[in-house]
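Peer 1: In case it's useful when we look at the structure, here is the feature table from TrEMBL:
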COMPBIAS  1-10  compositional bias 'Polar residues'
DOMAIN    35-187  domain 'Major facilitator superfamily (MFS) profile'
REGION    1-27  region 'Disordered'
TRANSMEM  33-51  transmembrane segment
TRANSMEM  71-89  transmembrane segment
TRANSMEM  101-120  transmembrane segment
TRANSMEM  132-152  transmembrane segment
TRANSMEM  159-182  transmembrane segment
Amino acid sequence: MLSTVSVASDKSTKHQLDIPSPQQPTRSGLKSVILVLTCTFAMIVNSANNTAVSISLSTIGRDLHIEDSQLQWLVSAYPLSSGCLLLVLGRLADLYGRKKTFILGSISLAAFTLGCAFARDSMTLDILRGFQGIGAAATIPASLGILAHAFPPSRARSVAFSTFAAGAPLGAALGMALGGVLTQETA
């Protein structure tokens, strides 16, 4: 697609320049909604992983015979590893592909979440929670990059980013509820 721009020279003559305008990917409204919901779901999972553990700390401590002083690591390992690697993995997503980083981060987050369910001691659970955070550190900046690339500055971009951001408090609330239900049903 070409845009025509008029340029005036010093002799008051106009020249027509054809400047190529950037091509935005065309996709259906449904695909746009699915893209936003997928990225928002990643944010929901991230927030839920942060909060679900805190409501079940006493039960985890009792079942795995973990001292109260060690229980804080279960809560801290995830945001600590995620926060430390957020910028690094965001840059790697920009260099090697946002989609690839998003998928790898999501898979690792899911795998280590499953591993946490089968952990039988404090050290294993702490390490797996740390690796969960690394998966989140890959997924969240990749999601932001995907949305920024998919939506040019417009109202649609504002809606996409607002929806993504709404995933954080929604995930926190769902994490507390899910953590409570799982604790109640499995204790």
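In case you wondered, yes, glycine gets a Cβ from its N, Cα and C as well.
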Peer 1: Name the range, of those listed as 33-51, 101-120, 159-182, that has the largest tally of Cβ pairs under 8 Å with the transmembrane segment (132-152).
Peer 2: 101-120
Peer 1: Mean pLDDT for the domain 'Major facilitator superfamily (MFS) profile' (35-187), rounded to an integer?
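Peer 2: Across the residues of the domain 'Major facilitator superfamily (MFS) profile' (35-187) the model's pLDDT averages 94 on the 0 to 100 scale.
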